[in-house]
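Visitor: Following this message is one structure expressed as structure tokens.
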Amino acid sequence: MATSRFYDIPGTHRLSDPSNENSSLISSSRPNKSYYNYQATPKGQKKSSKYDPENPHKHKLGTYDGVFIPTSLNVLSILMFLRFGFILGQLGLLCTLGLLLLSYFINLLTTLSISAISTNGTVRGGGAYYMISRCLGPEFGGSIGVVFFLGQVLNSGMNALGLVEPLLYNLGKPSADSISSAALFALLPRGYWYELTYASVILCTCLIIALVGSQTVSRAGNILFFVLVSSIVSIPLSVLFQKPFENGKIIYSGISWETFQNNLFPHFTKGAAGSILKKKETFNNLFGVFFPATAGIFAGAGMSSELRKPSKSIPKGTLWGLLFTFSCYTVVVISMSCTIPRKTLYNDVQVIQSVSAVQWIIFLGEMATSLFSIIVGMLGAAYVLEAISKDCIFPGLSVFNRNPIYTLIFTWLLTQICLFSDVNKIATFITLTFLMTFIVMNMACFLLEISAAPNFRPSFNYFNRYTAFVGAISSILAMIIVDGVTASALMLGMVILFLLIHYVSPPKPWGDVSQSLIYHQVRKYLLRLRQDNIKYWRPQILLFVDNPRTSWNLIRFCNHLKKGGLYILGHVTVTDKFQDQINEMKIQQRAWVKIRDMLGIKAFVQIGMGPTLPWGVRNVFIGAGLGGMKPNITVLGFFDLKSYHRRQASDGGTTDTTNHNNFTTNNANNAEILHATRNTQTNDINIEIPSLPPLLPTDECKNEEKIKVQQWVEIIEDLSILQSNIAIAHGFGDLILPTKDSHCSKKRIIDLYPIQMCGVINTSEHPSMASSNFDTYTLILQLGAILVTVPEWKDTHTLRVILFVEKELDRGPEIDRMTKLLGVLRIEAEVLVVSLDQFRVYNTIVKGDTITFDYVNSVLGDNAWWMDLTEARATSRPKRRFSLQNDLQFSKDVSKKEKYKVSKLQRLGVVMSMTSSMPAGNILTPSISDESDVETDISFERDRSDFLKGSPDEANTKSTLTEDKPKSKVKTVGNKPVFSSDTLPKTKVLEEGNGDKPTLVPISEDSMNSTVNDSKSRRPILPDLSPCCSRESLLTAMANLSFNDLPSRPQHLILNDMMTQLSGGSDLIFSTLPIPALGTHTDPEASLQYIEDLDLWLEGLPPTMLINSQTMTVTTAL
């Protein structure tokens, strides 16, 4: 057998020797069989960005000449030469070093924030403005950009004025009131206008250098930096080589322990050289003078547009510049404190040059730092102004975007104007502008960090939220220390700029950190948001719209009705091919967003897609909202029945439209004239809105097919199953919407018709609750009360609640009940209760009056119930029982078991009760409807004695229904009563409620009586059906016919007559919406009948919104 050479492969390991007792059991049982030897991928040679052929900015400046030198030259300002002696004399060495550490502490923290932001993406021209505006938005960026621009301009002017002082000290001729001679050569005359001329010449020289280009500035910077470093190095060298001397007021002791001790602690005086106060100096004043000497850290960032790699050069160059300048300042301060007595520090501003062994080099250093600070200051300010003009933050600045030279010349002009100010006074304002920029920069970094945005991944890692936060707080404290009053004025100016930009500047596509912060807060509070307490219920509306031209008023009305709640515009596009229509859906999304913006409403847009319109509606409803912010009211426009009949007629149909054209009400108070046009191919109606352009964004979208009758009914059924409150809007094209400027001498009326529905309730928690649609009842009152609190409606409209009863005697108690209910709900409204026998259509149908018989017969002529009733009244031979109000007369033979069908029960007057959606009860949906096309067998057997006993328990016992297989179609639809004229049930306040459960419930009056058969009972409980009825009982029932016994269509006709008479002059109506039984949409005849009944009711009425609620929306809990 050949020996395996597997273990000879490099990187493998032999098994441990079994004979070795010290070997690990694990290693011996699980040997390492790895033979792959990983070798690191060889890295290419690091290449400088200057020599990178793929870098388009390779000819620009690098870290050293683009950031380090400008930062160093700008921080090492002329204030070091002119004011360090004054500061050291007042504060002493310890406090001066402390002030230096405090200033650099603020600078360092701000530099960390700058480094983090600049390394998180591409930095363009504008420096601090660009970084802040892209992080915090145009409002913050623009306001701080203007402040920073002014600070740079003033800083350049201060350096120009400051340079005149050493210029005259070294080259000035002695004045008449001065005996001091020039330090070098007496060449320049003194005087205000001479000094202004010198400063102007200096500014012109710097402007010429800046106009040549950034490369020239860089070369000049290298030379000036070398001169400045030489000047600073000469200061400690003079300490070593300069011998002590005394020249008038100038005393130089050399290195002396006594001098060092005397200069160790602070000693504030007044009238010292360089002081601007008439009293003793304070720490606040000295900090304001000292801080500008350290605040030039934005010089490198201001050159961002001229850098090869700004994201790398800005942090690296700025940090090295801070370290270098801090070292220079420390060496200079310690050197001065060891060699210059305090008396000399009080007397001489130019003490550094006066005691120097080589005075001319100090003068050159002062010239170098001042000239470069002026150049960098004007260039930085010009770049900020150019960036602001490019972003179109302020109108009228586009001229600076066309030619950068204009920007630089404008900056030079502003700097020239600054020469007329006092250098000592503008130093404080410059300090505040720098500190304000520091605050906003640290704030931007802090907000970016706490927002945890995934794309905030700066390559600079030496920072965190605490450094940024401490930097912002430190800068705020520094502003207060320097000058609290001026700082407050500066902040106020920033707020004004912020608001100005907010309202003037167009929206920007940058995005800002506020979006991330808002996202975090919204997500946080959406998780905590609960809509389970009625106290804080508010309308959250989902409005389904198709064409904005035909629903313009409705969209605006719902925006008023939402009362600060959620508002969603839902639109459905129908397609069987999702992938082919996804682009169309995106186009429609953008178009509807533009419509929303044109309307100026606060709404979201939700576009849904489905193979059919009902499926699309389901998708939109289920997907709308998030967390606790889900729609609780779904608003639909009413079905366009007249267009449907026209289409049927044009297609050769025989649909009769005469019943819909008898009574119309013209609204003569329209504020605008709307021009309507019809498409001859599709029969669509387009309404021209005068206040809008003829072309809307949605006009370019795909035209959807007209909704079908059964689809509209199916959508209502689906929303009912989904437990949504439903609102149907009719006639809102005629609604006159008030505006904030609307005024009227007499308030207009909003009518509320909380009509009760026929139904029973099943609840175990409150068994005495009345069978009332109390939740719909109260939602109508709630929506009316909400609407009149909207500013546009508050001063122009008032509420009126209208109720109806059948007996005149019930009007007074009904008013008392409603007034009490409105008082409990804290709703102010007028209450009107009418009796139905005051209206002609009611008297014709119920009482047999002939005054409006022709009109009623034209509407109900094809109704089987009406034909039977008119025949029975004419012949006195009724074929059915029309009322169950009186005791039934039974025949002798009632013990026989009999089988009944639904259609037969309907013709005999049996009411198949619906179930109301009470809050505490179970929501039941009848599985069988008299509007269905299924004839079902129903078997039941009752003993005659059970009927005659009339016991409450038995009277409330439901019949046992047995469903058999459908046998045949029936055409009898609409025979079921929908509404009830019963009086409003008494309400009871449940004091133990807290808002999470109903605190206001209706109480049945029957439960409060001792017996159900009390003679005072308005409607005694009777058995559902008499198996055999005598002729006399049928005649009695016909004579006792009431509104509650009428089928749905006669009820709708009566309501139309009543509401036309009462509300013809009202602006708006809220009333109850009857929901179709489940499965109605499967029957075309039943679906059409349901819509026609509603249309009959609403014809000729003012704009009406029908409401159906499945949730309680009012409470009495605190």
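Heads up, residue numbers simply count up from 1 along the chain you see.
Any Cβ shown, glycine's included, is placed from N, Cα and C.
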Visitor: Which stretch, out of 317-337, 401-421, 821-841, is listed as transmembrane segment by TrEMBL?
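Guide: Comparing 317-337, 401-421, 821-841 with TrEMBL, transmembrane segment matches 317-337.
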Visitor: Six or more residues out from either end of the transmembrane segment (192-211), which same-chain residues have a Cβ under 8 Å from its Cβ atoms?
Guide: 156, 160-161, 163-164, 167-168, 217, 220, 370-371, 374-375, 378-379, 382, 405, 408-409, 412, 415-416, 419-420
Visitor: Please determine whether the transmembrane segment (429-450) and the transmembrane segment (317-337) are in contact (criterion: at least three Cβ-Cβ distances under 8 Å, sequence separation 6 or more).
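Guide: In this chain the transmembrane segment (429-450) does not contact the transmembrane segment (317-337) - fewer than 3 Cβ pairs sit under 8 Å.
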Visitor: Could you tell me the mean pLDDT over the domain 'SLC12A transporter C-terminal' (554-638), as a whole number?
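Guide: Taking every residue of the domain 'SLC12A transporter C-terminal' (554-638) together, the mean pLDDT is 89.
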Visitor: Please indicate, using numbers and ranges, the residues of the same chain that are 6 or more beyond the transmembrane segment (317-337) and have a C-beta under 8 Å from a C-beta there.
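Guide: For the transmembrane segment (317-337), the sequence-distant neighbours (Cβ-Cβ under 8 Å, at least 6 residues beyond its ends) are 63-64, 66-68, 71-72, 75-76, 80, 84-85, 88, 92-93, 96-97, 100, 104, 107-108, 111, 114-115, 232, 235-236, 238-239, 259-260, 263-264, 293-294, 297, 300-301, 345, 351-352.
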